[in-house]
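Step one of this worksheet: look at the structure below.
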Amino acid sequence: MILHDFNLGRLQTMACASVAQHAAPVRSLADLEQALAWASEHDQPVRILGQGSNVLAAEQVDGLTLINELSGLQALAWDEDSVTVAVGSGINWHWWVRFSSAQGWYGLENLALIPGTVGAAPVQNIGAYGVEVESFIEHLEAVSLHSGEMRQFARAECAFSYRDSVFKHAEAGRWFITQVVFRLPRRFRPVLTYGPLQRLVQPTPRQLIEQVCSVRLEKLPQPRAVPNAGSFFTNPMVTSSHAAALQERHPDLPMFRSADGRTKLAAGWLIDQAGWKGWRDPDSGVGTWHQQALVIINPQRRPRSDVLAVAGRIQDDIEQRFGVRLEREPRLFG
Ligand SMILES: Cc1cc2nc3c(=O)[nH]c(=O)nc-3n(C[C@H](O)[C@H](O)[C@H](O)COP(=O)(O)OP(=O)(O)OC[C@H]3O[C@@H](n4cnc5c(N)ncnc54)[C@H](O)[C@@H]3O)c2cc1C
């Protein structure tokens, strides 16, 4: 089913005014095949939308937007230690976290309440509170947007790193991820290294999920009430010599050693220190959230250009003050 002049305003959490030239819901592999055949016949570019929580949509999105609603769940194998489950990529991420943990398949608890679909999780290797999804992905399946061919990507082929994967680089815009195959441990080993989780003592999986949810609800605006796309900038990675120079000038700057020898800086701290926390542009109302400077909000549902204008001002200011260019996390859509 191909829809025309389809309103995307409510299908992305930043709520930018946006209309797709053509759109198609994808509820089965047959839907996907038909939609791709239509796009090829009409020579239209193809884009994929999950639940729109990590995109900034253009006012006019040309070509065909595929709206992922693929469902399905299948346990493929299990032994004493782990279970291997294939999960349809259109399934809601938070639902999957709660469901898997309730079955006794553990590991995803710290990633509770991250908005979006299962299929988008590997695209930016979602992470929160000391856990990244890559640790639990065995492989994924994807359909080529150009040839319709089905391909498996083993975890190593996904080139996961901090908020990153091959689907943002060499394979960007080429594949529709149709299912993600997780391997989850059957023994619960909670990761409690992050501040507000440290106070938990031998939590049950359910208590851990509840704690993660309550920390998130306290800190982050809910997109339905206040449109946003979560963290707008990734934490910048700098060389250790750059980090040492910064620390000399700003002894309180939080920084973390990364496995590759570089240092990760807290982008929220930089924005906060520069005085942007809670700031709003008087004309567009676009600004930063008063409890978390890393989140840009769009309460008046303004077009993407207004959001990018504010983001650009923040990037320029941080670069001038700290010599670090912040990188945008949400992806441009159209
Ligand atoms: C309030 C809030 C809090 C957030 N907190 C976190 C957090 O703690 N950690 C974190 O990592 N992220 C966080 N995010 C970002 C976001 O939730 C994740 O990136 C999520 O995985 C996006 O899922 P989605 O279905 O909404 O993807 P979309 O926004 O619809 O799409 C994102 C990108 O992935 C592509 N894509 C989507 N589905 C597929 C598919 N099936 N195949 C191929 N490409 C696809 C799209 O084309 C687009 O480029 C947060 C966002 C919000 C609004």
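Cβ from N, Cα, C; glycine included.
A TrEMBL annotation is a machine prediction, not a hand-curated record.
Note that the coordinates shown come from a computational prediction; the quantities given were computed from them, not determined experimentally.
Per TrEMBL, these features apply:
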- R163: active site (ACT_SITE)
- S231: active site, proton donor (ACT_SITE)
- E329: active site (ACT_SITE)
- 14-187: domain 'FAD-binding PCMH-type' (DOMAIN)
| query | Which whole-number mean pLDDT does the model give the domain 'FAD-binding PCMH-type' (14-187)? | reply | 97
| query | Between E329 (active site) and R163 (active site), what is the CA-CA distance rounded to a whole number of Å? | reply | 8
| query | If one looks at the chain holding R163 (active site), which residues at least 6 apart in sequence have a CB under 8 angstroms from its CB? | reply | Q124, N125, I126, G127, T234, E329
| Counting every protein chain present, what is the number of Cβ atoms, excluding its own, within 10 Å of the Cβ of the residue listed as 'active site, proton donor'? | 19
| request: For S231 (active site, proton donor), just give me the three-state DSSP call. | output: strand
